[in-house]
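Over in TrEMBL, the protein carries these features:
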- 61-186: domain 'Tetrapyrrole methylase' (DOMAIN)
Amino acid sequence: MASLLRLQALFSLKLATPRRLPSHLRCAAAVASPLPRRLPAAASNGSPEQRASETDLESGLYLVATPIGNLEDITLRALRVLKCAHVILSEDTRHSGKLLQHYNIKTPLLSFHKFNEREREPIILKRLHEGEAIAVISDAGTPGISDPGMELARLCATEKIPVIPIPGPSAAIAALSASGLPTEEFTFAWSIKKSQA
């Protein structure tokens, strides 16, 4: 059965937002090096509390949109989040590793896909409750839209854990913008085919 998702519904989601960012982060675009350098390996081996205080991110689940075909189609904010997160949950670590290598991002990757998300969710929720900043990326586009992440975001919202969307490329919007079709109103639909056990 196909699920319909209206774009209007995206705007009505009640996603938690992070506390006010420090002024040096709000002005990150104005500084010469908007991407903070990674901590030395020795410094990043501390406790989760120590490491959280050393990053520029508030604790929470960051849904980070990634390029949908060109590695340059990523925002500076997305790169900063990926560099500063404690861990990156990735649909395919081999595929995501290419993006991280391209931008010299050393954050550890943890596989998170439709075959292991139920198993991983309790561990991820525990880490979030301990104060970690965790990024979620899919192979391309926005996590949770036809990709893993939707259920984890729902669980976080239920447990009052901040869920912070980091917008970026969208295949549906890119295709619509170039289609010449009317854009005042449209519907995005996808179907999930469940395998027979």
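Note that Cβ sites are derived from N, Cα and C of the backbone, with glycine treated the same way.
Just so you know, TrEMBL annotations are computer predictions that nobody has curated.
Over the domain 'Tetrapyrrole methylase' (61-186) the predicted model carries a mean pLDDT of 93. For the domain 'Tetrapyrrole methylase' (61-186), the DSSP-based tally of helix, strand and coil residues reads 50 helix, 22 strand, 54 coil.
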